Amino acid sequence: MPTVFPHDSVGLVTPQTAHFSEPLALACGRSLPAYDLIYETYGQLNAARSNAVLICHALSGHHHAAGFHSADDRKPGWWDSCIGPGKPIDTTKFFVVSLNNLGGCNGSTGPSSIDPDTGKPFGANFPVVTVEDWVNSQARLADLLGIDTWAAVIGGSLGGMQALQWTISYPNRVRHCLAIASAPKLSAQNIAFNEVARQAILTDPEFHGGSFQERGVIPKRGLMLARMVGHITYLSDDSMGEKFGRGLKSEKLNYDFHSVEFQVESYLRYQGEEFSGRFDANTYLLMTKALDYFDPAANFNDDLAKTFANATARFCVMSFTTDWRFSPARSRELVDALMAARKDVCYLEIDAPQGHDAFLIPIPRYLQAFGNYMNRISL
């Protein structure tokens, strides 16, 4: 429990809430008449307002990307290894904004928020949101903060998709786009994994059609299974083998179906239990659908190069060798399209055994490459 924070930490941070009363039209055809976005900032906005960086989170992420909320916090924000003084996203140089997206469950308006029309939680009645919807809401937050142009928009996984969408929806408001461990659209296999996770939630008897909050219950089993399936895809076979192998929890097998016998079983159950106690099931459904629906080239006759024709940003694309959820081949597909569109793009493939989750881990070569790129950004 840190009472004196590390020298490269942003230290104590306080979340802020932005309220928007102007309706937000959504891709699904519905609109949100009003909504809140919770966010944090790190560093100082310069006089020219030219040093702002937007952090876009992945499926289970949120606004708390760096620092601590109190001196008693056991863990810092989810990307603390990359944000802070002297880190790749250097807060002595950049003013960093990190938010929880619409539909989230960490303070921004989402399924667990109260629907003003009913006085009850939105639940399953919360509209389906897309990556494009998120970017539109983020643009309104930028307007509120007086930020006309982002020095960089950065994200990993689903966050990388948002960074890419920024260069399409608001091509003149982004100078650098960093898409890390991401893809221009999901593969059929990825959509299949998301569907298995959704079915685990939807078929949990405690889901109650999404109205579980009104009944004072949560679909714990469904959320647990969804997280277990998802977590397997975030790791690599090599990393799981190195960490767990075929290690047993006890000295012998029990020859039954209920005991936790292998160490990897124990790990997955722990991950599922922990996740089911902090995440909203309806939000999980929304996030996986946003992933599935992301396919910006569909609006350009499936021509990915044409998709980025109007982009003015410089691009940095990063992938990890053992990431099979968002493989290096998907990043190279994106890079090829950007080159065909004659965009300024660099590509980094990091040799790392940790799989998809490598983008969250302080791997020295990754941090060095990330920092080198950010150091090149002029303000």
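Glycine residues also receive a Cβ, built from the backbone N, Cα and C atoms like all the rest.
Annotation comment: Swiss-Prot describes 51-360 as domain 'AB hydrolase-1', evidence class sequence analysis.
For S157 (active site, nucleophile), the same-chain residues 6+ apart in sequence whose C-beta sits under 8 angstroms from its C-beta are A58, L59, I180, A181, S182, R325, F326, H356, F359. Residues annotated as active site, nucleophile in Swiss-Prot: S157.
Annotation note: D357 (substrate binding site) sits in a helical segment as assigned by DSSP. Sequence-distant neighbours of D357 (substrate binding site) (same chain, 6+ apart, CB under 8 A from its CB) are Y234, L235. Residues or ranges marked as substrate binding site by Swiss-Prot on the basis of sequence analysis: R227, D357.
The annotation active site is assigned in Swiss-Prot to D323 (among others) on the grounds of sequence analysis. In the three-state DSSP reading, D323 (active site) counts as coil. Contacts of D323 (active site) defined by a Cβ separation under 8 A and a same-chain sequence distance of 6+ are given as A181, S236, G355, H356, A358, in order along the sequence.
Per Swiss-Prot, the feature site 'Important for acyl-CoA specificity' maps to R325.
As annotated by Swiss-Prot, active site applies to H356 (among others).
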What average pLDDT is reported by the model for the domain 'AB hydrolase-1' (51-360)?
97
Could you tally the C-beta atoms, other than its own, that fall within 10 angstroms of the C-beta of H356 (active site)?
24
